[in-house]
Amino acid sequence: MEDDSLYLGGEWQFNHFSKLTSSRPDAAFAEIQRTSLPEKSPLSCETRVDLCDDLAPVARQLAPREKLPLSSRRPAAVGAGLQNMGNTCYVNASLQCLTYTPPLANYMLSREHSQTCHRHKGCMLCTMQAHITRALHNPGHVIQPSQALAAGFHRGKQEDAHEFLMFTVDAMKKACLPGHKQVDHHSKDTTLIHQIFGGYWRSQIKCLHCHGISDTFDPYLDIALDIQAAQSVQQALEQLVKPEELNGENAYHCGVCLQRAPASKTLTLHTSAKVLILVLKRFSDVTGNKIAKNVQYPECLDMQPYMSQTNTGPLVYVLYAVLVHAGWSCHNGHYFSYVKAQEGQWYKMDDAEVTASSITSVLSQQAYVLFYIQKSEWERHSESVSRGREPRALGAEDTDRRATQGELKRDHPCLQAPELDEHLVERATQESTLDHWKFLQEQNKTKPEFNVRKVEGTLPPDVLVIHQSKYKCGMKNHHPEQQSSLLNLSSTTPTHQESMNTGTLASLRGRARRSKGKNKHSKRALLVCQ
């Protein structure tokens, strides 16, 4: 089966000897093995072009860098709230963060894609273009997200917001690809979506015996941070790039001296993304329990200390969106987000409710996903704000007015019984599905040597399993936590603190978290000699 995974790929290997040869021109990564070189010695001209510009030869540039809109088309004020259709708070929170991503929003508002798209249905870029346009051009209103945005993913119960976020980003990246033509793996990393969210890791292993160096470059769309021992995002990043010693049973098999030897392994960011998605690993891979600790994150983040080249000056990112989970485990809870409108004002986006907020409140949340944009990018997009509407803050008056229009339901929508629409059930008609996406990722990631724990959950006989979790929740029938998460339609209107998005079967099956900060891919080898 052809690998259609959107941010998976192969591996490039270079060995510097005496003559340049190439056997796999369609690979997506680069590994360089060379003998000891001075720390700042330049590589050959051919290698410098491959590594510094595109890391590997590109057969086809799918989205030229100049195609990104240079000026902002976004209204200055905040846009619409999103109606909760029943356990869809994770969808709404993720969509709001994407809607207020400046380069993505500006491209969508330019309508460039829809004018040239030849796909008749199932195009996530066209769907997102319609959604972002409606959301930004309807301030003070509540709109209903298109069912096509969650088709193949949402099945009436609580899901993981980060998984849905990356599912959507991957679907948009896939929509950039010419479906009727074969595209090499590295060309897939030249799409407009990768230009916005993507970058490259650099994993460097230095043999301590012969001082030979091996560099491997892997693409990324988001960065997962372990927060178990970290009190701040900066500490988590420092742990991520901390050198690792390889010795003893874990000694490195050097490709230069051709023997097992102690080595030092260092992971750094080789190229920086315009938009940085940092996911804080708050949920246990086994139980799904939440790490409910405060992790500090700054409004301005300097990523230069974590780059391969650390002597090029500050690389400042500014915070523009925060995705928050309120609850005790991945099986239940409620998602909402904070976004920064182009006018510079922060807003809390809690389904249909849109209220003005402050940076102090934003920085005090137990964040799940953080969205940063390069400061130069933010300033460039902010210099040409559309003057069509005056900035204004939405407060209680706007919320009350929306409620009188019948847009808000009496009970919190997260606690209402979901109604599966026929459009969502007809999974076969959708081009991207969660199962297909997970299958492709599983095929291309490094397999663990053993499973720490595998627990089967028991589902009621009348439940249709549309997609399954990577790990099982492990709850038996009539488990107390399971009972507490079942719907109680006769309950009164919950308070804000009680409005947790439990869902019908929210405690039955969990959602797995990627356990690594980067996405490992199936390896492809290319031998280059000179």
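Just so it is clear, glycine is given a Cβ too, placed from its N, Cα and C backbone atoms.
Model, not experiment: these values are computed from the prediction.
What Swiss-Prot records for this protein:
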- Cys89: active site, nucleophile (ACT_SITE)
- His334: active site, proton acceptor (ACT_SITE)
- 382-413: region 'Disordered' (REGION)
- 382-392: compositional bias 'Basic and acidic residues' (COMPBIAS)
- 398-413: compositional bias 'Basic and acidic residues' (COMPBIAS)
- 509-530: region 'Disordered' (REGION)
- 510-524: compositional bias 'Basic residues' (COMPBIAS)
According to DSSP, which kind of secondary structure is the residue listed as 'active site, nucleophile' found in, if we only use helix, strand and coil?
helix
How far is it from Cys89 (active site, nucleophile) to His334 (active site, proton acceptor), counting Cα to Cα, in Å?
7
Candidate with the highest Cβ count within 10 Å, taken from the active-site residues Cys89, His334:
Cys89
The residue listed as 'active site, proton acceptor': secondary structure state under DSSP, collapsed to three categories:
strand
